[in-house]
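First comes the structure, then the notes that go with it.
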Amino acid sequence: MTGYDAVLAEAARRLAEAGLPSPRADAELLAAHAAGVERGAVRRAALMAEPMPGEVRRRFEELVDERRARIPLQHLTGTAAFRTLTVEVGPGVFVPRPETELIVDLVASLSPEARRIVDLCAGSAALTISLAAELPGTEVYGVELSEQALAWARRNAAANAGRIGAAGSSLHLLAGDALTQDHPGSPLRTALAGAQADAVVSNPPYIAEGQEPLDPEVRDHDPELALYGGGEDGLRIPAGVTRAAAALLVPGGVFICEHGSGQGAAMRVLLGRHGFTGITTHQDLAGRDRFTAGRSAPGASHPSALRTRRAGAGVPTARPAGQGQNQQGRRTPSHE
């Protein structure tokens, strides 16, 4: 049997030839999946020049061939890392991206007392679950239009129910169009039972018409519903989400929207049109404009907001920073 070190080196060479940006990391993760172990165990086996069992190598070689064909790494392993989570993903759902992880930190910073949070365009629910698990005592509502994506979201929510419960939080996943959830009788309005949200977050589709993602993993495997935002600027759906957020929030509530790196100025205009104040654009891990945030128009507090804030007294305002990092670009979309 050939050792792990030699097999991994050859696989990394072949993946590099195929144009993969992180060939060694991909090789180690695929080997770990083939062997049914953690990546650290594979790295130790390579360091010790341990032999790779024949059956593991056969499965590994199959996975390498599929990765060379630019099938997403996360589709091959069936999972994606997101902050402290490992969520299940596959065909029909957008793979969560590391940029989106920062939304949790923005909510904690801009709205530390938020108790009722809405995630529009929830996708795999990686962000929805992280909000509920990391921000104690919150009610988090995730809305997703795609039935396929919602099936993945429900699976991930069930797998993390213990973490959410331990935080004293609750999570509610709803099927529906993010653009109509402010309408009377919508699934979200029904679930909120007359209450308003303290914070609304969204990572909506925002690729413009006529543009096409460069990475085959995104172009050929991420669902179009999660990619294209509509219109020449890609902002038809983000504009609708902004309008819905303005109607769903308590006065002074926070809205945070993820967007493309060149869309910050346009998003600031959109938020201004819908009455948001204190509008700011925040950068992602690479220093690119990625999120625009604002507060809904101030006014007399909604009764539910007063009840929520009184009930939430004493909950810590400092939250843990993002940790996990994924491979390749963005999510519900992370489109450039």
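The first residue you see is number 1, and the count goes up from there.
Note that Cβ sites are derived from N, Cα and C of the backbone, with glycine treated the same way.
Going by TrEMBL, these are the annotated features:
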DOMAIN    7-78  domain 'Release factor glutamine methyltransferase N-terminal'
DOMAIN    106-211  domain 'Methyltransferase small'
BINDING   Glu144, Asn203  S-adenosyl-L-methionine binding site
BINDING   Asn203, Pro204, Pro205, Tyr206  substrate binding site
REGION    291-336  region 'Disordered'
COMPBIAS  323-336  compositional bias 'Polar residues'
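Separating the Cα atoms of Glu144 (S-adenosyl-L-methionine binding site) and Pro204 (substrate binding site) is a whole-number distance of 10 Å. Pro205 (substrate binding site) carries neither a helix nor a strand DSSP state and counts as coil. Here the domain 'Release factor glutamine methyltransferase N-terminal' (7-78) has, by DSSP, the following mix of helix, strand and coil residues: 53 helix, 1 strand, 18 coil. In three-state terms derived from DSSP, Glu144 (S-adenosyl-L-methionine binding site) belongs to an extended strand segment.
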